[in-house]
Amino acid sequence: MSVLLETSAGDIVIDLLVDYAPKMCENFLKLCKVKYYNFSPIHSIQKSFSFQTGDPLGPLSSESDGGQSIWGLLSGDPSEKTFPALFHPKLKHLERGTVSMATVPHPSDPDTRLAGSQFIVTLGDNTDYLDGKAAIFGKVVEGFDVLEKINDAIVDERGHPLVDIRIKHTVILDDPYPDPAGMREPSASPPPSKAQLATVRITEGEELLDVEASEEAAAEAERRRREREAAAQALTLEMMGDLPFAEVKPPENVLFVCKLNPVTTDEDLELIFSRFGKILSCEVIRDQKTGDSLQYAFIEFEDKKSCEEAYSKMDSVLIDDRRIHVDFSQSVSKLSDVWRSETNSKRKSAARRGGGGWGGVDELEKWRKYRDEDVEWRNDDSYQMVHGVEDLKGRHDGDKPPVRDSRPDVGGGRDRSTSRRSRSPRRDRDRRDDRDNRRGPRDADRRRDDRDLDRRDRRGDRSRDRYRDRDYNDRDHRRGRDRDNRGRDDYRRR
């Protein structure tokens, strides 16, 4: 025997244990048959433990009586509102989905517990706390995903879900018990009463509307974000020169053909596709270095209709033992190439006419390495002697008068040697560096080589002067020694 509970969270199928709890199964079946549970709220949700239902009004209503059994409902006798519950020793709360009647102790006999219409469904395993407090009469066999939804519901501090979860309808799949006297099954599910409607917090429909509205708002926000991102990327490509303008769209009369055989040529494709209309261009893209086919091509038709007809009829057609794929072109590289070539040609023509700052554009200026005032060259590029002739002579020639330079006097009538010696070496070096900076790199390299060669020559001259001076000193020493020896020889003769 089974019962189907249609809830706002989904459907749950319960198998009844009529052999272990016949009276409780009969009470539950007959209450489902008279639609007593319709619109009953699910409340007291304890995560991973249990939830409770079966009261048509629920604990939030002040008019609720906690529910009653089928016999009390039919007779109206308060004494039959509840009945003694039977606890079978073999039935324990060990598995998730165990269904049991909620009970309360008898006012006069605490060992006897009374059941009415409310029942409990466990949401976790090993909920043995309920043993002896709730009488088991069934188990859930289908709808465990619904139990997960109920377990994850948002609840307040008393365990009541913020969004109503209610039993919408009950369907009896098998009923072995005869109907009690006076019971009549309604022909249709009755609408909820005013007392039941007063207990509504947030209906499922309102939640769905809110969820759908939030989903639509999120989708709209995502669409706008993608549009802004695409516009920004297009603007970036336009600034980089890869697109003629940001709003450029791929042409509608160009087909993209791929998966070609490497031996297929432009003429072959043009001949095959020309039956759909006039072809303006047909190009198989090839490698720039090797010239080999990259096995895809672009075909440009004169009108859009011919392009669409070729697309609908030539996809997956066999050409040169290869089944090709045809699609509309999404490339704008050809438009960009045409735009770039036209722009460059306009700039070149404007530059030839002398218009614009540079390249035909007023805002551009040709880059210059040096300023105009820095390229003034000296008229006299000849080198001048730094040392006088007397500086190149030996130390023993210092008593001779200085030799004047035969060239025109630069220092205002003074000796050239004196004028050069009065100038500091650092000043000469700074002037040399300034002169080298104003000249080109090749002249600087040549002058550097000349200076190195001159430095080596002067080093050799100094070495020779040093050896020459040493020879003079040795010669003077030998002459003095010879005179002393001759003097001693004369003394001995006397």
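Cβ atoms here come from the backbone N, Cα and C positions, even for glycine.
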- prompt: Pick from 176-196, 344-364: which range has region 'Disordered' per Swiss-Prot?
  reply: 176-196
Query: Counting each residue once, how many in the region 'Disordered' (176-196) are helix, strand and coil under DSSP?
result: 3 helix, 0 strand, 18 coil
Query: Who are the chain neighbours of the region 'Disordered' (176-196) in space, where the CB to CB distance is under 8 Å and they lie at least 6 residues beyond its ends?
result: 1, 18, 25-26, 29-30, 33-35, 38-39, 56-57, 61, 63, 70-71, 74-75, 169
- request: Take every residue in the domain 'PPIase cyclophilin-type' (1-172), average their pLDDT values, and give the whole-number result.
  value: 92
